[in-house]
Amino acid sequence: MTIKQLLHQTFFILCLLTALAGFLRLRNISAFKLYPDSYQSLIVARNIRDFGNVSATLGEGGIVEPQFIAWSRPGYPLLINLLMPLVHNDALSAQIVTFLAGLLMIPAAYLFISTLYNSKKSGLTAALLTALLFNLTVWGGFILTETTGILFLILFLYSLFKSFKSETSLANPKDYLTGFLFAAAVMTRYEYIILIIPIIFITFSKSQKPVTRLFNILVFSFFTVSVVAGLLFPLDNILPPIKEQMSYPLYIALGILGFTLIIGILNKSIPQEIKQKVFRVLRESAQKAPILIAITLAILYLANRSGLLVLSGIWEFAKTDLLLTLAFLIGSRQMTKEKNPDIPLIIFTLASITFLGFIYYNVNPLAQRYFTHLLPFLLIPASKATENLKSKALLTILILAAILQTGITFNGAKNWQNGDWLMESYEEKSAKILSQKVKDKNTIIVTSFPAAYFYFTNLTTQGVTDSPPYIYFQTNNRPILIVEDMAMRDVYPNFTNFLHKDLKDKKVAEYLVGKTYHYRFNDLNEDRPVVLYKYN
């Protein structure tokens with residue numbers, strides 16, 4: 001077969017895989033908006049369009065949204081606004097952006113892995129795994145930053161590893177492109193900043209002129225983020241919240257950087273004989289990695305079952321993406337049993353998975369969608385699963401797993417709560433009903449989920465706290481309508497009791513929503529109507 005024929009065949013397979021991914025993603029597009037994540041992106045996009053700023057109030061005199069500046073993540077909202085002139089609907093624009101990002105991820109995964117290993121076979125394996133991913137497909141059906149952030153991260157890794165194959169110099173445009181892609185990834189998911197540590201390590205391990213290349217990449221990344229922040233962020237009050245929100249991951253990053261520097265200093269002072277022994281131990285350990293991974297997974301499973309650790313999110317991710325899990329185990333074996341294992345790549349992969357996994361576990365160990373962000377690094381060993389695979393039994397297992405995975409991803413979220421997760425949410429329907437009931441557009445709405453109610457009513461909206469005096473804003477003699485819905489009872493029980501005790505004479509209306517209430521990990525059937533209290 002000629003190179004031209006091979007390229008045509010590869011292109012055809014990629015087209016088929018992209019079409020398959022598109023079909024699966026179309027089946028999983030959802031009208032449900034997760035609170036607060038979906039609304040943050042939509043509200044930030046609206047703030048940028050209307051005020052040229054990521055942060056603004058929900059109507060005149062309303063609560064500031066997003067309340068935490070780091071939550072703004074302007075990458076996804078900027079893409080939403082890019083399509084607004086064409087579709088004139090921000091929710092539809094957001095869904096189109098996510099859908100297209102999911103499709104582009106298939107060829108992006110191919111380019112990244114085929115460049116990394118110089119193997120079209122591994123690249124196509126990565127594309128297949130990405131196309132069939134349950135978590136990426138299902139969560140990509142919601143208005144969330146996951147798909148866009150992962151796409152930028154894969155494109156960045158492709159650009160980075162491709163750059164290692166050529167020389168560089170100061171002001172290299174290709175390095176600037178790599179830096180821009182890293183900035184785009186960080187502006188979509190700011191926690192990616194912690195990957196700077198393994199990026200520095202792999203660049204020094206693989207690149208010619210690593211200092212020059214890192215200087216180009218990081219300087220242009222900083223320049224890109226600075227320009228966007230200067231244009232869109234409220235710089236007069238940005239430093240205190242950033243310090244508060246970013247201190248934890250930054251302390252981790254600084255600690256890891258300090259540890260890395262110590263290792264570097266020791267590396268210079270340790271005799272060559274000792275370093276060779278250490279390298280031999282690392283190589284032998286790497287060759288046993290699949291066994292160690294399997295044992296670790298078994299221990300973690302038992303720890304989760306016994307309640308010693310909360311690993312439900314990780315376990316559900318591994319279980320629902322069975323094909324990726326199997327490919328990761330088989331590929332790790334293939335990757336480490338090579339005659340000369342790529343130790344720097346193995347360290348880079350494990351470090352990246354560990355750093356990001358640690359952050360997401362600490363944020364919420366139950367949220368399986370967070371672990372989709374590990375995908376680019378899971379693909380590094382997983383895509384080796386089909387390389388030099390001589391065992392017919394393992395090949396058969398992979399084929400059967402691929403068929404099973406296709407069925408699991410095809411069904412997607414349709415079996416979750418009888419498909420309720422693919423319909424409009426409780427707060428969306430409630431807000432739409434409320435919008436029809438409020439005639440005075442000067443009214444201030446006080447509710448549990450301000451962003452959702454503002455988005456669908458376009459009325460000034462405020463939130464509450466669950467401790468006295470509960471409400472912290474000036475009314476300016478405007479009418480106030482307090483909404484006691486399922487979310488208020490769930491999240492703010494003390495304020496709800498205050499309403500029942502002290503404002504029971506202020507009830508003016510009530511209505512049923514007819515939807516199940518979902519928030520965090522609570523799924524509550526509607527047992528009481530929404531109650532409205534008119535105050536002031």
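The backbone N, Cα and C atoms fix where each Cβ goes, glycine too.
Here's what TrEMBL has on this protein:
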- 74-214: domain 'Glycosyltransferase RgtA/B/C/D-like' (DOMAIN)
- 92-113: transmembrane segment (TRANSMEM)
- 125-158: transmembrane segment (TRANSMEM)
- 178-202: transmembrane segment (TRANSMEM)
- 214-235: transmembrane segment (TRANSMEM)
- 247-266: transmembrane segment (TRANSMEM)
- 286-303: transmembrane segment (TRANSMEM)
- 343-361: transmembrane segment (TRANSMEM)
- 393-413: transmembrane segment (TRANSMEM)
Quick one: do the transmembrane segment (178-202) and the transmembrane segment (343-361) reach 3+ CB pairs under 8 Å, ignoring pairs fewer than 6 apart in sequence? yes
When each of 125-158, 214-235, 343-361, 393-413 is checked against the transmembrane segment (92-113) for Cβ pairs under 8 Å, which one has the most? 125-158
The correct DSSP tally for the domain 'Glycosyltransferase RgtA/B/C/D-like' (74-214) reads 116 helix, 0 strand, 25 coil
Hey, which bits of the same chain come close to the transmembrane segment (214-235), Cβ under 8 Å, at least six residues off its ends? 48, 52-55, 69, 72, 74, 78, 160, 168, 170-172, 175-176, 178-180, 182-184, 186-187, 196, 199-200, 203
